[in-house]
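Taken from Swiss-Prot, the feature active site, proton acceptor applies to K166, H285. As annotated by Swiss-Prot, substrate binding site applies to N114, T164, K168, R286, H318, S370, with the evidence given as sequence analysis. Residues or ranges marked as Mg(2+) binding site in Swiss-Prot: K192, D194, E195. Look at Swiss-Prot and you will find K5 tagged as N6,N6,N6-trimethyllysine. Look at Swiss-Prot and you will find K192 tagged as N6-carboxylysine. Swiss-Prot lists K325 with the feature site 'Transition state stabilizer'.
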Amino acid sequence: SVGFKAGVKDYRLTYYTPDYQTKDTDILAAFRVTPQPGVPPEEAGAAVAAESSTGTWTTVWTDGLTSLDRYKGRCYGIEPVAGEESQFIAYVAYPLDLFEEGSVTNMFTSIVGNVFGFKALRALRLEDLRIPVAYVKTFQGPXHGIQVERDKLNKYGRPLLGCTIKPKLGLSAKNYGRAVYECLRGGLDFTKDDENVNSQPFMRWRDRFVSXAEALYKAQAETGEIKGHYLNATAGTCEEMMKRAVFARELGVPIVMHDYLTGGFTANTTLAHYCRDNGLLLHIHRAMHAVIDRQKNHGMTFRVLAKGLRMSGGDHIHSGTVVGKLEGERDITLGFVDLLRDDFIEKDRSRGIYFTQDWVSLPGVLPVASGGIHVXHMPALTEIFGDDSVLQFGGGTLGHPWGNRPGAVANRVALEACVQARNEGRDLAREGNEIIREAAKWSPELAAACEVWKEIKFEFAAMDVL
């Protein structure tokens, strides 16, 4: 007969390869697959590998013009998920050649771009990625990283303190600057634009940048400490975003900010390169992440979004609190906190880490804990996150009964007390309340803060459990 072997073949005949030995250069992915009834797991896993690499639904003539063996994704392992009847973890290996160098955008378009709407699957979740060293090396990564940031700020041996300025929408630039000044003057290291403060009618971006810079220079002069305010450069176009970043640099401020998921990885990587070239730190907010990562069976985990951010570039990223008002299961959160900060992270399924990841000295990212936290959480936060973190109290600073500056004082006193106690060998988990109470005896600001928030709890079970 003429022609080639046309027709529809099972994916597993080509894309399920249980004997495949993964290469050091492969990008490896772990997917949580929930097939439709009647679809065998091998076929579902192979379908994921095919549709996210070289495959399509039928054999095509042009397959003969290339080497599938060289370019195809391969499903090389399938394991059942404990306690879930029809759910599997499918491991897929992708050859490095499938990806454009230095493009997080292309990596995600390839791996998660198309396959999540696939009919043979009820649901699909990307649990983890192993980024090979060869691919990591094509990325600049964070603009500066943890060590350089500490050197720039001259702050060592403790977590950094921040505060999001509230009410997040509606303040004029002048009043916004007043709020920034009071917080920094009271003892915080940073204040922050909210993620949705961009350039609205009540406060245009340029006025805000000028007011905040004035506030931080005044606070810096009075305290002798280096201060920062995260100026949110996120905008409707990349050109506008860069214009804002350039103006921030002209003001001489130390740090700008970007919403990396709503702004997109392409814009984020552009900004990160500019920040490294011009000595600006880059704070990253993860607005929209829960749309993608909160469902247990579908979407992708935050650890994947966090890896993508470390490659694209950012010096800080919000990462949940474990104790406040927003999602964050302790082991899972600590798993991706290590993926952000450390150079080498061992596979550890108990923390949701499916692969050993070597970052080959790509700079680390400081995790930012924020959302419903206050002074009474300080011992737990210091214990959980350690020194390399930013603890951000929005309402937990500005909600102080005496105002912003006393709120900032209370937080700084609580933090210094916890760090000192830890350095003296005390157990923060057990003696935390006692440590805060002792400090409150000589700090009226802290005593007042403890009084206001002594009863507040955000007690709900976490959604994302292993």
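Here the Cβ of each residue, glycine as well, is placed from N, Cα and C on the backbone.
Around N114 (substrate binding site), the same-chain residues at least 6 positions away in sequence with a Cβ under 8 Å from its Cβ are E51, S52. Each of the recorded positions K166, K192, R286, H318 was scored by the number of other CB atoms within 10 Å of its CB, and the largest score is that of K192. Of all the recorded positions given, namely K5, K166, H285, R286, H318, those whose Cα is no farther than the 10 Å limit from the Cα of E195 (Mg(2+) binding site) are H285, R286. You'll find the Cα of D194 (Mg(2+) binding site) roughly 12 Å from the Cα of S370 (substrate binding site).
Ranking the recorded positions K5, K168 by other CB atoms within 10 A of the CB puts K5 at the bottom. Cβ-based neighbour count (10 Å, all protein chains) for T164 (substrate binding site) stands at 24.
In the structure shown, across all protein chains, E195 is the one of the binding-site residues D194, E195 with the greatest number of other Cβ atoms within 10 Å. Among the residues N114, T164, K168, R286, H318, S370 said to bind substrate, no two Cα atoms are farther apart than 37 Å.
Comparing Cα positions, K192 (Mg(2+) binding site) lies closest to T164 out of the binding-site residues T164, K168, R286. Within 8 Å of the centroid defined by the CB atoms of K192, D194, E195, the record's Mg(2+) site, lie the Cβ atoms of T164, I165, K168, D193, N196, V197, Y230, N232, M257, H285, excluding the listed residues themselves. The two recorded residues, S370 (substrate binding site) and H285 (active site, proton acceptor), have Cα atoms 11 Å apart. A straight line from the CA of R286 (substrate binding site) to the CA of K166 (active site, proton acceptor) spans 18 Å. All protein chains shown were included, and the count of other CB atoms within 10 Å of the CB of H285 (active site, proton acceptor) stands at 28.
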